[in-house]
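Visitor: Features from TrEMBL:
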- 531-577: domain 'Cationic amino acid transporter C-terminal' (DOMAIN)
- 58-81: transmembrane segment (TRANSMEM)
- 93-114: transmembrane segment (TRANSMEM)
- 135-160: transmembrane segment (TRANSMEM)
- 194-212: transmembrane segment (TRANSMEM)
- 252-275: transmembrane segment (TRANSMEM)
- 296-323: transmembrane segment (TRANSMEM)
- 390-409: transmembrane segment (TRANSMEM)
- 415-436: transmembrane segment (TRANSMEM)
- 467-487: transmembrane segment (TRANSMEM)
- 499-521: transmembrane segment (TRANSMEM)
- 533-555: transmembrane segment (TRANSMEM)
- 561-580: transmembrane segment (TRANSMEM)
Amino acid sequence: MYVYVYFIQRRVLLGNPLMISATMTCLNMRERCGYLWYRMTRRKTIESSDTTTALNRYLSTFHLTFMGVGATVGVGIYVLVGVAAKEYAGPGMLISFILAGIVTLMNALCFVEFGSRIPKTGGSYTYVYESMGEIMAFLVGWIILLGYLTSGAIGCRAWSGYFDSLFDGAIHNKTVDIFGTINLGPPFSHSLDLVAFCFELTVLFIVSLGIHASAKVNFVLSMVSISVLLFVTIMGFIFGNIENVINKDHGGFFPFGVKGVIVATSACFYAFQGFDVICLSAEESKTPLKSIPRAILFELIIVTLLYAGSSFSLIMLAPVYLIDTKAPIPSAFAVNNIQWAKYVVTIGPVLGISNLSLLNLYSTSRHAYCMANDGLFLKVFGVVHKKTQVPLVGVMSIGIFVALSSLFLDIADLVQFNVLGLFVINIIISSNIVILRSRTSDSSAVGDSERKTMASKCQISKIIDKFSVVFLIFVLVVISLMASLLIQRTPVLSSQPNITALCTVILFWLLIVAISFIIKLKLKPPTGNSFKVPFVPLLPVIIITTNMMLLVYAIDLDGLITFSVLILIGLVIYLVLIIFSRDVMPRETVISEEEVGLMSLEQES
């Protein structure tokens, strides 16, 4: 008998899973490769009017804004501010925070465009799946998932350290006395961290109660964190000395030069990350298409003002060489003999990291929920509890995993993976904006009969046009990487630059401008009434090159190797998922026009 599998234009109609499994066993190598390519490049269609969800739509713009603030104002400002000031930029750290805020705002504009037309949970993962295909979506989702898991464990250990410091390390010492030390080597810690373990279990309990409880706890903790940073800002202007900002006797405002400011910007950039929790809350927002863009912009404005004010006050309170990088803000007050204020601001990191851990577990469970619904993660993570309306299995599993990791492991070395992942995802999202502009119309707005007509006309030229834009973006990213490496490794930015290197960098930038101009000629006018990123492709190209520059300054060889190994592991997991997957084509998924075809397979009954 003959078994037909119809790959109809942008819609795939398949039989039951058993018939699909039997059919796949008969495919020869060429057809298997074709199927693999089809899986890797298929895209997900999401209607802007599709608001169906099993989750509880409770969150308003107000809630989303403070969720973003809570996810951002955490360990970053309380630790990175000291490292950036003392080791990288000196008083010029203020410029680094402003630059990092500007870069984050540019990145956020791309997220705002996607968030204003895609009302589904998933953030970057969903945006990439909708426009770039399954393989890219899985890799982005894998990077984000690992980033959340490592951030959760690191956050628990950081909270434990701050909490234990209030008791002069008595908890850690007692734990070592009772359980002894662990000598298994990396990544295992030298001792158990029971405080971190118990703290994560508490966070797990709160998140399991539902979005109502999480939102209320988040609001209280966010307000306390904001109050602490406002307190630091006010105290700095009262007790500070402007001479510490001028820094005349220790190298001036830029003691480490322009390169120091760039390196500090890379470090400060991490302190601004957190608005992705807003995108992950789309299916729990009352009006996601309006609330998500507004909340992202409001959150960034609040955080940038808080960071600029508190960092400036920190520099005024204490000379940069007297700042303690482990506890920069309390040490600044100690330098001025304001002991009572020192203890007040110590509360900030404890509550800030508490909120960060709460939102981290919330974000991780929603991210896993979205991937599970798409068939790219374990299905059990997509099950929603009927009473609390949260993916309870995901919350419990992830929370226990993070708790055990924080108990036994010391994975601080994976922080660079998180930073590198952030820059890579921002580059992909901004590239995505350009690719979307090169398409004639949104796939979700085209009917089946129109698709058939479109597929029969100028098929070859459409394929060439599509992939030429993708190819040009790829070339632009590679040239940007080469230019950034050259700037980082040669004295291009010094007072006596290497002329050959400088001319090469200028040539690279001219090539970027030329490629941008060619891309501009291939773009189509944007359609629809939702927010659109302005000045395309100019702004996305600036975002790509800026993120690439910061990436090069933020990563080292060990971090790059770790990133590459984890990406390879992710690819292996993706292939395993394809092999054992029976849900070959979810109903929301589409495929590109050049992949449309008809396969007939002969099988003896």
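Heads up, the Cβ atoms here are built off N, Cα and C, so glycines get one too.
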Visitor: Test the contact criterion for the transmembrane segment (561-580) and the transmembrane segment (415-436): 3 or more CB pairs under 8 Å, pairs 6 or more apart in sequence, then answer yes or no.
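Guide: Between the transmembrane segment (415-436) and the transmembrane segment (561-580), which are separate recorded stretches, there is contact, as judged by 3 or more close Cβ pairs.
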Visitor: Please average pLDDT over the domain 'Cationic amino acid transporter C-terminal' (531-577) for the predicted structure.
Guide: 90
Visitor: Report the listed stretch (93-114, 296-323, 467-487, 499-521) having the maximum count of Cβ pairs within less than 8 Å of the transmembrane segment (415-436).
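Guide: Highest pair count goes to 93-114.
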Visitor: Counting Cβ pairs under 8 Å that sit 6 or more residues apart, are there three or more between the transmembrane segment (252-275) and the transmembrane segment (194-212)?
Guide: no
Visitor: Under a Cβ pair cut-off of under 8 Å, which of the recorded stretches 58-81, 93-114, 296-323, 390-409, 467-487 contacts the transmembrane segment (135-160) most often?
Guide: 390-409
Visitor: Does the transmembrane segment (296-323) reach the transmembrane segment (467-487) with at least 3 CB pairs under 8 A, where each pair is 6 or more residues apart?
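Guide: The answer is no, given that the two segments have fewer than 3 Cβ pairs within the 8 Å cut-off.
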Visitor: Would you kindly list the residues that approach the transmembrane segment (93-114) from elsewhere in its chain, counting only those six or more residues past its ends and only Cβ-Cβ distances under 8 Å?
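Guide: Residues 81, 84-85, 123-124, 127, 130, 245, 261, 264-265, 267-269, 271-273, 275-276, 279, 292-293, 296-297, 300, 303-304, 307-308, 311-312, 315, 426, 429-430, 432-433, 530-534, 539-540, 542-543, 546-547, 550.
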Visitor: What counts of helix, strand and coil residues does DSSP assign across the domain 'Cationic amino acid transporter C-terminal' (531-577)?
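Guide: Taking each residue of the domain 'Cationic amino acid transporter C-terminal' (531-577) in turn, the totals are 38 helix, 0 strand, 9 coil.
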Visitor: If we skip the immediate neighbours and take only residues 6+ beyond the ends of the transmembrane segment (390-409), which ones have a Cβ under 8 Å from one of its Cβ atoms?
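Guide: For the transmembrane segment (390-409), the far contacts come to 55-56, 149, 152-153, 156-157, 160, 182, 187-189, 192-194, 196-197, 199-201, 203-204, 207-208, 210-211, 361, 364-366, 368-369, 372, 380-384.
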